[in-house]
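Going by TrEMBL, these are the annotated features:
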type: ACT_SITE; residues: 168; note: active site, nucleophile
type: BINDING; residues: 17, 18, 38, 96, 97, 98, 104, 136, 137, 138, 139; note: CoA binding site
type: BINDING; residues: 247, 248, 249; note: substrate binding site
Ligand code: CAO
């Protein structure tokens, strides 16, 4: 079966996490992704957080599936020529170097346009134009600058970063959408264009509801669904809301049976208004369904702490899975707190290809997260990440270099 991006060639100049997330998705959709790395070293993540000596780390392998790897010294004059040949034969150049690095290599937007006017140049940077545009940025910096950290955690504690890599993987995802959109526009205009996804912007986009709340706060001085209401204090900025759920459907994380020893024996419980009577029945507080102090969402808001404490008395008598089963019967929205171990072992995620076991020549078998976006006409096959420079000769031959020229370039240190 064909793939959605069959025929699209990507010059992948990405490293670490944000850029590689993007190009991996494009590769899963069928693009030919040629990852350019520095000879001898490669993407720095190959050697970061290694669990097996001298073997590509899981950090690298899990972000670089379905790609080919070529090693080129892009600061060597002959290496630059090879890169020019690649620019002329690819549709998209994706990069997430520090600001200015591509220009310093000699590959300005103008130069790339000269070489290939159809080329789409897609970049991840920490910040867009402005006071921080020259800064190098990693995941947690973006989470802090994009509004996630100031709105995450508990009111009486410091800002907290989230385990979800919204700065890196989140921005890679934004960039991938920009690239396919630019490819689509190119079918009309015939021209390439620049695509920029700044990590601060990507995080802020995911924190959209918090900017909504900032304006609500400024208008009304409070937000009733936040745990600060009615007893705590609201300041000038959106506060940290602990585990409260927004959107007017109060929720909280509650202990389940075994919580004393299992750090993940918890459930997320939402007291959705239409099922309030059912919740009262399940937890044995039938009288709350008609008691004016509890019967309506507005009446419940100032009592949420006590209400969740009462519900927790019930959830603590059940495991999170038992509670799920019972609550689902009544359409009460809830979710178990799943550990990574539980997720890794979940058969249904294996079946859908969301968790995939991959074999690697030096590492052996490992688990990865497959393509979370499922296309019915473009199924994803997850193939192992390339070894450093594994496809240099293959790609050079495709570019028209003879075996002798390849040897000469290697001798010159260009590849
Ligand atoms: N041959 C020769 N030189 C190469 C090369 C190659 N194949 N590939 C890269 N280089 C050079 C670059 O040209 C650059 O050289 P100069 O500094 O002389 O211009 C140099 O390698 C280092 O690139 P870098 O500055 O991007 O790398 P770093 O490790 O210092 O910084 C990072 C890493 C991620 C902080 C920075 O790249 C960045 O801010 N990127 C944008 C934001 C981003 O994506 N952050 C998320 C990363 S995932 O957490």
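Just so it is clear, glycine is given a Cβ too, placed from its N, Cα and C backbone atoms.
Keep in mind it's a predicted model, so treat the numbers as computed, not measured.
In this structure, 104 is the one among the binding-site residues 38, 104 with the smallest number of other Cβ atoms inside 10 Å of its Cβ.
A gap of 30 Å separates the Cα atoms of residue 139 (CoA binding site) and residue 249 (substrate binding site). The secondary structure of residue 97 (CoA binding site), as reduced to three states from DSSP, is coil rather than helix or strand. DSSP classifies residue 139 (CoA binding site) as helix under the three-state reduction. Cβ packing within 10 Å was compared across the binding-site residues 17, 249, and the lowest neighbour count falls to 249. Each of the recorded positions 139, 168 was scored by how many other Cβ atoms lie within 10 Å of its Cβ, and the smallest score goes to 139.
Under the DSSP three-state reduction, residue 104 (CoA binding site) is assigned to helix.
Rounded to the nearest whole angstrom, the C-alpha distance between residue 249 (substrate binding site) and residue 137 (CoA binding site) is 35.
Taking the C-alpha positions, the distance from residue 17 (CoA binding site) to the residue listed as 'active site, nucleophile' comes to 6 Å. Among the record's CoA binders, 17, 18, 38, 96, 97, 98, 104, 136, 137, 138, 139, no two C-alpha atoms are more than 24 Å apart, and one pair sits at exactly that spread.
On a Cα basis, the residue listed as 'active site, nucleophile' lies 10 Å away from residue 137 (CoA binding site). Distance noted between the C-alpha atoms of residue 104 (CoA binding site) and residue 168 (active site, nucleophile) is 24 Å. The Cβ of residue 97 (CoA binding site) lies under 8 Å from the Cβ of 13, 15, each on the same chain and at least six residues away in sequence. The number of other Cβ atoms within 10 Å of the Cβ belonging to residue 137 (CoA binding site), over all protein chains shown, comes to 24.
The residue listed as 'active site, nucleophile' and residue 38 (CoA binding site) are 22 Å apart (CA-CA, integer value).
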